[in-house]
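What TrEMBL says about this protein:
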type     : residues : note
DOMAIN   : 565-724  : domain 'STAS'
TRANSMEM : 94-118   : transmembrane segment
TRANSMEM : 147-163  : transmembrane segment
TRANSMEM : 214-236  : transmembrane segment
TRANSMEM : 248-270  : transmembrane segment
TRANSMEM : 290-314  : transmembrane segment
TRANSMEM : 375-395  : transmembrane segment
TRANSMEM : 416-438  : transmembrane segment
TRANSMEM : 458-488  : transmembrane segment
TRANSMEM : 509-537  : transmembrane segment
């Protein structure tokens, strides 16, 4: 035995350890270091005291149900974080940045709110309500200082798809320019939930609403249910569901939805009247209808769209290029809307060229109304993906800002905040909201310090709601469509990143492509579901058919690596080192065995069967029977059944990548231990983590008393290899018999 040679073994010993609760048994794992003298280092596993979960839950329940003034105060401050930070507000330090960012976001918010009403299939006034209430409520309940919560294109699209579907089922015309079906006879039947009559008072006029009121009824019901889902998820702490939305899934979902949004705006860009497609394949059907009706394009809308897109894109590119020199972003959207409205009004584009315009936007607030309960039942399923997507985007942006500016957020409180940003505004004719990336980035770049900026933005929207809304009557819809399309630049640029994404991770690229395709070609909700399922399947496939390898020794070191990946590795004589880079469980146990047999070029089951048959035929030969049952001569059969001379006497399994074992995994290791033992090949396990060791113990891998554990389990591959070499040396000094039974 050479100097400084280390052989590490595990032994299990028992001794008593006195604790306050009594005597407990603790296992000792011994590491023996062999040198000129023998020493033994004991590694003692910590004893984990068993927790009585029932008692813990009862204690937590008693603590939660108790009510004291201090606890009530903390609950109120946790529920309304503004009570904690607003009294500590540093006015001189923060006010200028908050006012500037609030004004900029408010100026951006107004044109975007009006534009995104097209996506939601609702009137612009409802988008303004949504933007106003969301900013106020998040100011009270949010924990992020920088996130901009309000109307978001992706959420608006998801709301619009549900609204369109329900309008179609109720028998309404989805054409935006169709006259409102006031007093429609289908609305008189109160017995059908999809034709409920609504009463609304606007400017002192009492009218029975048709399409418009039914649409906002659907949107508010959907928003209310989504908010309830989010609050329930917060109560039951179900935020972990967001973990299943990987970055590739979210990016693919956003890109696919962006294609759908782009497609939905094309008819406004060129001024054609085609029905709003519904259901699966909406993108393809819409493009077919566009090309069929391209000859009916409104030349005024086409020219206006071209000019607006050029101006908006140029301004955005210049803004990105000189953003470090600009103190705040250029309000290009607002300038375009003001100029376009003036041109449309004084040029009488609606009357002369039949260009579609936004129409009347009332001022003030509509009296609050409880969302229709009967419609909630119809949209309960649709509200679930809406709630999840809204929460995930909000928390993701909140965490991004918190990390960048070195503060913490409470994800559970964020879920409550976005939930109440949906529940409360739904009573005020608003629809679903979420944090928006573009406005959040603008907010941070313009000096935002706290959510006081959100109140400033809400005041800007309130100014429009109370006084300025009617001024947008002549605003062309094609201008709003241009604003929406240009805002999709970031999502559509993801296509340029596909080659780089493919180089980084091929599997994530496939997830992105599948999610994007499903979201665009089928529907956004199904696309999200497909993306989640496909990403989980990719994980399963990775563990079901993981990477396997035989390892070689790095010269002059105690380390071992993949023989196929690295040069100048030396093989260890009479020892095979096998690595399996995944947990070993029921789904990949067969692949584990096949890979092991293929790489070692030895199937122990076949080899044992071959040897047994060889011995049987040899006994026939000794008895004088020179023919076998298959008619072949004994000599020919013997040649076919000569036992294979194995080129290794020990198999070391590198368990460093095996995170856990289930019952099938333990049984698989026990199976190879038995099969190779029949061939006089020892199986040694190296680099096992405590979880794997415990699974092996419980599964009886080391026997009942763990007596052979020290000869089967090793801290490192090198320890196992050295033990195999020592074992081989000991065997070589003793006479042994070959597979044919001859003494050597």
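From the backbone N, Cα and C atoms, a Cβ is placed for every residue, glycine too.
The shown structure was predicted, so the numbers you read here are calculated from the model rather than taken from an experiment.
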Residue list, the transmembrane segment (214-236) vs rest of chain: Cβ under 8 Å, 6 or more residues beyond ends.
120-123, 126, 159, 162-163, 166-167, 170, 172, 187, 195-196, 198, 369, 371-373, 375-376, 378-380, 382-384, 386-387, 390-391, 412-413, 415-416, 418-427, 429-432
Would you mind listing the long-range same-chain contacts of the transmembrane segment (290-314), meaning Cβ under 8 Å and 6+ residues beyond its ends?
266-274, 332-333, 336, 340, 349, 353-356, 476, 478-479, 481-483, 485-486, 489
Do any residues, 6 or more residues outside the transmembrane segment (248-270), come within under 8 Å Cβ-to-Cβ of it, and if so which ones?
118-119, 153-154, 157-158, 160, 276, 282-283, 286-287, 290, 294, 297-298, 301-302, 305, 356, 389, 392-393, 396, 477-478, 480-482, 484-485, 488, 491-492, 494-495, 508-509, 511-520, 524, 527-528, 531-532, 535
By Cβ distance under 8 Å, which residues at least 6 away from the ends of the transmembrane segment (509-537) in the same chain are close to it?
154, 157-158, 161, 244-246, 248-249, 251-253, 255-257, 259-260, 279-284, 382, 385, 389, 494, 498, 501-502
